[in-house]
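Peer 1: What TrEMBL shows for this protein is this:
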| type | residues | note |
| --- | --- | --- |
| REPEAT | 1-30 | repeat 'PPR' |
| REPEAT | 66-100 | repeat 'PPR' |
| REPEAT | 170-204 | repeat 'PPR' |
| REPEAT | 205-239 | repeat 'PPR' |
| REPEAT | 269-303 | repeat 'PPR' |
| REPEAT | 304-338 | repeat 'PPR' |
| REPEAT | 374-408 | repeat 'PPR' |
| REPEAT | 409-443 | repeat 'PPR' |
| REPEAT | 444-478 | repeat 'PPR' |
| REPEAT | 513-547 | repeat 'PPR' |
| REPEAT | 548-582 | repeat 'PPR' |
| REPEAT | 583-610 | repeat 'PPR' |
């Protein structure tokens, strides 16, 4: 049972089923715990038909299901959601002489609310006549679950129903609802509930304060959040978090408050430390992030695995893999065993360097120490192998992933599609794209953009156009990157149509970016429409955009081709005036222009300057 449970938790349900089958073949009878564990594994992966088969097999083997067995299946069906199946099992329990418990009722209440069956919920509440049938804690789990899944209205209805049925809401319950209101942008309702808590004889704890402060910070109400932070101690609580200020990118204020918290001998919570480390690392201040960790160690506080992995990630983002590896080794030295996430961070860093052999070494090491690589591990490595030009190894890893029954998601497929297209395997990419849809995965705009780009790259512009204009029928909306891909493909042969599509971007809720303008300006220059290109170039600032060095290079090259060398040179000299620095391409373009105009002295002068 322990082995089956461990395999199920790692997502290896087929292996768990294999263990159960081996037991039966050896003449050993799995007990009810083994069967229910296996059912739970299938339910967690939303394979309800297989879970049901295990349920039927258990009965066939003479083991009568108990309340827990039914609860597992009911929970699975509620989450699917297949609420009618859940209700059928609920009715079946009574027929079998089993009495539904609190877990049964609260699971069904949550499922019915999710399915929008409010009347059925009220009926179920009436049925719960026994005093101990409905416990507040179980309903709290449902309220919390609904809030976390964005179903605030349903959570509020359940919260009201809970009070209507005589259950007194405690501070935990109010905190859950306040957090839900804050997350959904209902800061005013959250504030009203927060400041009304004391009237109900309740007192906010530090978690309630943190929720409210975070909500205010999220809405940009930093002064009010800061005032509330200062009042925490007045109400008998000790502050332990300043993470809300980080949501507003106010790292300096958060660091100031963190220093104050630590200097006064309080302990900062893990989420605050993690957020500060992430913010410092993202802003490039990894040494400051390391300083925070060092301070923790000096104070006798043991950084946890999240702290270490966050710091590792900071170094990886800067490509400082040796430093990241030192943190990894320090973590192990301090007695904290790395988990899959720790390895994934390092593997991702090595893949981007790219130092793919180091990434593969870590991948092999995971299996040696008993860690099972997950979907993220495989996705990262497949992308890294393609980046390193090892397309055969990437394909083998994809096969291995399927063989080990790791869930293959849209990210996996998009990584594979991108790799195949970039390595000239468009037909294979199209086959895989079809296989993905056949497997029931819904392709997103990223997948379609990759395929459209591949079709354009290999001259199949008509197929690309057909796919692009068919996106809306599939309920997808092209983003600016998809438009850029299609415009770039059309510019090669269908400039007028590309120009027309460019003009339509804004009508479809997108804003053209620098890449959009660069693409169309380049197309206009190539076709000799220098006046249209010039008009668009000098109109960029009106649109709130600023030409980058690539835009300048395109325009300078176009002017040189049209023999407008003096104008090209004038534009070249203005690059730095607009906050850009000319690169080697800028110099090479203008030098070639002067050489074509037989102005060798000017070309030599620029070569020397370059």
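Note that Cβ sites are derived from N, Cα and C of the backbone, with glycine treated the same way.
Those TrEMBL annotations? Automatic predictions, nothing curated.
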Peer 1: Let me spell it out: take the repeat 'PPR' (548-582), skip the flanking residues so only those 6+ beyond its ends count, and list any with a Cβ under 8 Å from a Cβ in it.
Peer 2: 514, 517-518, 521-522, 524-526, 528, 530, 533-534, 537, 540, 589-590, 592-594, 596-597, 599, 602
Peer 1: With Cβ-Cβ distances below 8 Å as the criterion, list the same-chain residues six or more beyond the ends of the repeat 'PPR' (409-443) that contact it, or say none.
Peer 2: 375, 378-379, 382-383, 385-386, 389, 391, 394, 398, 401, 450-451, 453-455, 457-458, 460
Peer 1: Give the residue counts of the repeat 'PPR' (269-303) per reduced DSSP state, in the order helix, strand, coil.
Peer 2: 26 helix, 0 strand, 9 coil
